[in-house]
Amino acid sequence: MEVVIAPGPELGRLAAAAVEQLVREQPDAVLGLATGSSPLAVYDELARRHAEHGLSFARVRAFMLDEYVGLAADHPERYRNVIEKEIASRVDFAPGAVQGPDGLSDDLPGACAAYEDAIASVGGIDLQLLGIGTDGHVAFNEPGSSLASRTRIKTLTRQTREDNARFFGGDLDQVPQHCLTQGLATIMSARHLVLLATGRGKAEAVHQLVEGPVSAMWPATILQHHPHVTVLVDDAAASRLQLADYYRETYAAKPDWQGL
Ligand code: GLP
């Protein structure tokens, strides 16, 4: 696990550079897209590189991490619509190239199985962008999630619903109780995981993710078992890391050729 501590805007550039390098080398790469505020700087930077440097996503396929259950098709907070607004509509994905779990399906278990099949059918995800919840969730894998889980329905914790109420006019009752989410094993199948976290509110979750014991109580800790994880954090999110100085020294001394 590599930990990079840098100012917020730099984190977005670093993640976007990793995406660009992948897509330039492998134009039909498969990306994993996250919602939430953490990846927004990455999406802004990718949109800029598309507009100004001709970075093309024409052959890229993308899969979303999760989706609310039951939000109307035109609801602005439906993750499919959020991803469309924040990134898909700003670059040149082919029609149908961005997929997400179907939170409006009449057969939710069937939709989850179909989603796993869709990811497998393109050979899996090359680079997965991730955020982290204040309770240590990744995607919507809340504390107690099976570390071996696959895409399935989950019930959101009150903490997560409170955290996300800001997207629903501050009204907790408007935040759905259920979601479909890639499981922890689904996420672990991606070849490179790039997790972004900023702000003091994430400091404890980041400490647990990087330095805590692996436990379903902090679902993100399963990432310690992945061979290629990049954790991009600002000073505030890094403020509880015990080995922060070591991570800074390591990154400062990193050879240029190595990349993320
Ligand atoms: C949300 C999403 C996660 C996201 C996390 C943090 O509930 N389902 O994918 O990583 O919570 O969100 P944010 O980046 O806005 O802090």
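Even glycines carry a Cβ here, placed using N, Cα and C.
Across all of the domain 'Glucosamine/galactosamine-6-phosphate isomerase' (12-225), the predicted model scores a mean pLDDT of 97. Marked as domain 'Glucosamine/galactosamine-6-phosphate isomerase' by TrEMBL: 12-225.
For D66 (among others), the entry in TrEMBL reads active site, proton acceptor. Its own atom aside, the Cβ of D66 (active site, proton acceptor) has 22 Cβ atoms within 10 angstroms in the protein chains shown.
Annotation comment: TrEMBL describes D135 (among others) as active site, for ring-opening step. Within 10 Å of the C-beta atom of D135 (active site, for ring-opening step) sit 19 other C-beta atoms, taking all shown protein chains into account. D135 (active site, for ring-opening step) carries neither a helix nor a strand DSSP state and counts as coil.
Within the same chain, residues at least six positions away from H137 (active site, proton acceptor) with a Cβ under 8 Å of its Cβ are P143, S145, T157, T160, P219, A220. Feature annotation from TrEMBL assigns active site, proton acceptor to H137 (among others).
The active site, for ring-opening step annotation in TrEMBL covers E142 (among others). Taking Cβ-Cβ distances under 8 Å and a sequence separation of 6 or more, the neighbours of E142 (active site, for ring-opening step) in its chain are G133, D135, K154, T155, L156, T157, T160, P219.
All chains included, 22 other C-beta atoms sit within 10 angstroms of the C-beta of S145 (site 'Part of the allosteric site'). Annotated site 'Part of the allosteric site' per TrEMBL: S145 (among others), in sequence order.
Counting only residues at least six positions away in the same chain, the Cβ atoms of P109, C112, L180, T181, G183 sit under 8 Å from the Cβ of R152 (site 'Part of the allosteric site'). If you look up TrEMBL, you'll see R152 (among others) marked as site 'Part of the allosteric site'.
According to TrEMBL, the site 'Part of the allosteric site' annotation covers K154 (among others). Around the Cβ of K154 (site 'Part of the allosteric site'), 23 further Cβ atoms fall within 10 Å across all displayed protein chains.
Residues or ranges marked as site 'Part of the allosteric site' by TrEMBL: T155 (among others). All chains included, 13 other C-beta atoms sit within 10 angstroms of the C-beta of T155 (site 'Part of the allosteric site').
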Go through the recorded positions D66, S145, R152, K154 and pull out the ones with a Cβ less than 6 angstroms from some atom of ligand 1. D66
